[in-house]
Structure formats: C-alpha cells, structure tokens
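Colleague: As listed in TrEMBL for this protein:
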type	residues	note
TRANSMEM	A:37-57	transmembrane segment
DOMAIN	A:86-293	domain 'ABC transmembrane type-1'
TRANSMEM	A:90-113	transmembrane segment
TRANSMEM	A:119-136	transmembrane segment
TRANSMEM	A:143-161	transmembrane segment
TRANSMEM	A:173-195	transmembrane segment
TRANSMEM	A:216-238	transmembrane segment
TRANSMEM	A:276-301	transmembrane segment
Amino acid sequence: MSTAAIASSPEKPAPAKGIRWLHGEEARGLAMISPTLLYALALLLVPVLLVIAYSFWTQNYLEIDRTFTFENYRLALTEPIYRDLFVRSLWISMLTSAITVVFSYPIAWYISFHGGPHKNLWLFLVTIPCWTSYLLRVMSWKVILGYGGVLNTGLMAAGVIDQPITSLLYNANAVVITLVHSWAAFAILPIYVSLQKIDRSLIEAARDLGDGAVRSFLRVTLPLSMPGVISAFLIVMIPTVGDYVTPKLVGGKDGVMIATAIQAQFGKSANWPLGAALSVTTMVLVSLAAAAVVLSLRFAVRRLR
Amino acid sequence: MSDRPMISIENVSRYYGVYKALDDVSLQIGEGEFFSLLGPSGCGKTTLLRSIAGFDVPTSGEIRIDGVASTLLPANRRPTNMVFQNYAIFPHLDVGENVAYGLKRLRLDAAEERRRVADALDQVRLTGLDRRKANELSGGQRQRVALARALVMRPKVLLLDEPLSALDKKLREQMQVELRSLQQAVGITFILVTHDQYEALALSDRIAVMFGGCIAQVATPKEIYQHPRTRKVADFLGGMNFLRARLLADRKGDVSVDAAKFGTVNLAKPVGFTTSDGHVTVGIRPERLRLLWDDEKAPHELTGRVENRAYFGEVTHLTIGVDGLEQPLSMVETNDYGADDLPVGAEIRLAYDPDAFVLLADDEMGLRAR
Ligand SMILES: Nc1ncnc2c1ncn2[C@@H]1O[C@H](COP(=O)(O)OP(=O)(O)O)[C@@H](O)[C@H]1O
Ligand SMILES: [Mg+2]
C-alpha cells in the first residue's frame, strides 16, 4: 500500500453533519428523555413562569392589571403576619430536617454496617409506613397526641402524669413530630446509599492508624457520608417549608405555616398576585436557607479533621 | 533474628462457618526481618495478615507481637501498620493530610508534625506533593502515599497486602527494588503478602509458602527454591520436572533412587520422610538441564527430541521428549548458541547434574513445616 493511500484514508468524506447527529448517541438520548422533558416543561416550568409573572401584576376585583409592580413583594416582606409565617415555616422545616436526619442517620448506619445479608429486607421495612396514605398517617398522629389520645392515656395509666397534657397537639411541635415521621424514609435512603459507597477498608485504615471507633466515625465515615446527609436534609427541608396538610390537621393556631396564607390568597381572598409573590418569596428563601445549610454542614465537617 | 521473635503465631486457626481459612498455623518472625507470605489466591494469606493487624480474630490460637499477647487487641492498639491492597487512601483528604492522619492523635506540635510528614514523603520519594488531592494520584503514587502514611507512625511491624499487584510490570519491578531498600533503611519488620513467587524470592529474608490455610514450608528464598519440601511448593515456585523414582536404598541421611533414564541418583533426605510403596517423587529444575552442541561431552547425558519451543527473548523454553520417560522434560536455554532456532522434531543431547535432583514429599504424606 502506498503512503498516499494511508494518508488519504482519514480524509474519507464524513457523513453529513445533520445525518450523523440523528444517528448519534446524543440524539438517541434526547429522544429517550423527550416525553419526560416535554411533560416537565409543560407542567413544571410553565406554571412556575406563570406564577412569577403573576407576582408582578395586580388584582383589580375580577380583573388582573398587568402593569409591572413590586407592590406584592413589598407586602410579602413587610407585613408582620407574613414575616412571622416565613420565619415559622423556615424554622419548622429546618428543625424537622435536622431532627429527621439525626434520627435517620443511626438507622441508615445500622442497616449499612450491620444489616448483614438482609439489608434489602430492612430497607423494605423502612418504607412500609409510606404504603399507607399520607392523610391517614397524619390523622393517626392526632389519635396518638390528642387530649384523650394514646400518649396521654398511656402516661396516665403508668402514673407519670395525673392530667392529660394539652400541649401535645395543635402547635408547632405536633407539626414537627408528624413531619419527621412522614419524611424519615426519604432521609434514610440517601444516607444509606452514601454509607454503602464508603470503602470499608478506609475505616479499617483509620483504625489501623490509631483511631478508636468513635474517632474513625467522625473523621472518615461521617465526612464521606456527607453527600447523603446533605441530600437527606434538602429532600426533607424543601417540601416541608410549603407543607399545607400537616399544619392544617395537627398544627392548630400556633402551627400555621406559609402555605396556609398562600392558599388563602388563591382561594378566599382571591388575590392571586399576592399569593404568587408569597410563593416566589418562599422559593427564594428556601433556596437561600438550603445553600446556607449545605455550606455550614460542609464547613462543620471540615473542622472534624 | 534476635532471641525473642517480633511476631509469634501459635496454632492459629480461623473458621468461616465450617470453612477452615487458617489451619493450625504456627510461625515466628524476627525483628527487622523481611518476611513474605506466599501462596495462591484463597490460601489464607490475607486472613493471617489481618489477624496480625487486628482486623480479624482467630477462632483459636495465640498471636504475640513484640512479646505482648495481642490476639484480642484492637487494631488501633497494636504497634503494626498496614498498607492495604487497594491502598485505602482517604479520598476527602490531600496527600499531606493522609500522611498526617495517624499523627493527629499524638498531638505533636505543628512544626514537628510537618517535619515528620515531610520526612515520610521524602522516604517514599513524594517530596513536595503534600497538597495533591487523593484523586490526582497515579497508582504508583497512591501506593507510596499508603507506605508513607504507615511508616510515619514508626510501627514495629509493617504489613503489606499484595501492595504491588495493581501496578504494571515495569513499575512493579521498580517498586520491588525500592521496597527492599526502604526496609533496609528503616530496619523494621516487613510482612509482605504476595502470590508472585519472583517478588517473594527477590525481596524476602524468609518466605512462608501457604496452601489451603496451612503453611507448607518456611525457609530462605534460596533454600525454598533449591530444596522445596513438597511437590506443590516446588511447583508453585517455578517450573520443575517431576519423576516417579524407585527407592533403592534408604539410609540415615540420604536415599538412593532409580530415576529411570537418569540412572541412579543420591538425594538428601528431609526430616520425617517416609514412603509406603517403595516409590518417591524427585524433581529437577528446567534450568538445570543443558543442551549439548556438536561433539561437546558431559559426564551425564540423555538424548531426546524437541517437541515444542517457546521464544521468550533472552531465553527459549523447550519441551523435550525422551524415550522411556512418561512425561516430556521442560528446559530453559539461553539463546547464545541458537536454541531459538532448533526446529521441532530435532534430535538433541542434553546434560544434567545428578546433584541437582531434589527429593519431594507427595503432599498427602503430610510433611509439614517444622
Ligand atoms: N469474611 C469471610 N467470610 C467467609 N469466607 C471468607 C471471608 N474472608 C475470607 N474468606 C475465605 O477464606 C479463604 C482465605 O481468604 P484470604 O485470606 O483472603 O485468601 P488470600 O489472601 O490468600 O487470597 C478464602 O477461601 C476466602 O473465600
Ligand atoms: Mg488476599
């Protein structure tokens, strides 16, 4: 074969770019996700854009005045009632996520490190509460925490208290307790996954280099499972900020959260732009809070070294 | 070896359920010794190393480290450090932090800690790489970090679990040389687990060959290569031509056998040697057979014909069929005289030295080390 032939072979006319693209890996990938993508665009992105648009408009009785204004945001951020609701919602959701993560971590850790050959059975058991309806689970907490509920009658029968405790239900604590229970499985799974991914010889290496069980946990296991902890925190925190059902059912007056106010604006008060502004503000606040949580958790873990 | 061994393993057995991973292992390893555990995959090397490190507790038996009864001591309280098979470099820490990991607990002052980390990195020739991320290291560098991280703790014993098996051939050979000189520089006991017989032969002061949870032989590299006790040890440590030979005379220190075409051969007799049917197995290494060219003469000769030939660059491996022998002989010949050009079927003469034969116990005879 001549050198010319060798040299010319890479110059073979490439198939036209358009055709190649159609046969490419990328095209097949796009085709595969396109139904989901279109669905997400239509039902997620468009409504969010609509809500954002509404938040800059004004309600004039039955009509919408489409002139651009910040008035709704001014109200949302300065009215004491909304400010209190934002603070409480953020506080409840952060507290809920923190407690959920703290309770879930040992469970995930136990399954991952001591689950033996039956890890999947354990995980299955963890998800069982999710099989009953969310409403039913919230209602059953009413039965447990109520005035004549399981907890009060139990404690009275045991002689710990003489009178039923009234502060169990219809307040922020009840909301936190109920939410923690609802979301535990969603926190256990990501933490479990990140613990599973830790190479066990790393923990042995830490022991080999002189660490006891606690120190090797703090210096190796915990930092390496941080991605799971962070996703668990966010998975719980982001939806709970806007939770509507739980505060409505077990929150009472003290447990009202921002979703109730938003619902009121879209419903009874019929002020969609204000409701939209409250929603957008919630989204922004929860994103900021999430970023703050991620950064401070990362920082805290770096300090452990 | 000083009087008191650094590591003393007495009748250690380890069961996984009914499976016996270690079967009554006893072993003494001296201070400053480079000791290798050699054997095929699954023979229990890692299990034994891990019970020395403190990650595995033997089902029965006793382990003493530097005179201290350590069988039940947790890993963090033993004067041993380990280089893991996959190196186990902490991925969330950089090189310097990895090496300093064990020092943190000692609460040295910052300058002293930095100095020891730098010294350890110098020792493994990673000077100045302490800010490098764990995932930016090559295989060889990861291995050096693992070494530095263990050595910085100044252990009495360094344990290495197949540390070179993940490296390519060239790097592996280079690291073997470095490992040996590192051990001589620090002067502590090294225990190396390997399934590579050349690695064990090249590096060790002594080698323990293991099969199926048992130690088959403990000896220096030269002794174990030249005088393997059993057929299995001989086979694992390189090529060997085995022959069934008839026992002619069984004297106090040696025996005479009739080794078929090789004639009568006298052999040293290992301790505890017995035979039931008047036959024994003898062996001769392929490189102890030599081709005779033209009219060259040798005191002991054999004729045969080339059945197979494999070219290995500096040497050629030949398979020689000899009338009257059940198995063809393998031999290794340098290519100086043209062994690489011998055609298959060529008639050849070969020379051998009767003193090169060794008497091998068949393994079922139950010859055990010590
Ligand atoms: N945790 C375990 N459970 C059950 N069997 C094991 C366990 N660890 C090792 N073994 C078995 O013990 C034998 C020896 O293993 P190992 O010490 O890792 O061998 P080597 O390092 O020589 O390849 C193997 O057959 C292995 O399957
Ligand atoms: Mg092994």
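Even glycines carry a Cβ here, placed using N, Cα and C.
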Colleague: How about the transmembrane segment (A:216-238) with the transmembrane segment (A:90-113) - do they touch, taking at least 3 C-beta pairs under 8 Å (6 or more apart in sequence) as contact?
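Modeller: Contact confirmed: at least 3 Cβ pairs fall under 8 Å.
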Colleague: Can we call the transmembrane segment (A:119-136) and the transmembrane segment (A:173-195) in contact, meaning three or more C-beta pairs below 8 angstroms at a sequence separation of 6+?
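Modeller: Result for the transmembrane segment (A:119-136) with the transmembrane segment (A:173-195) is yes.
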Colleague: I need to check the long-range neighbours of the transmembrane segment (A:90-113): which residues 6 or more away from its ends have a CB within less than 8 Å of a CB in the stretch?
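Modeller: Apart from its flanks, the transmembrane segment (A:90-113) reaches 119, 122-123, 126, 172, 175-176, 179-180, 183-184, 187-189, 191-192, 195-196, 221, 228-229, 232-234, 236-238, 240-241, 243, 255, 257, 285-286, 289, 293.
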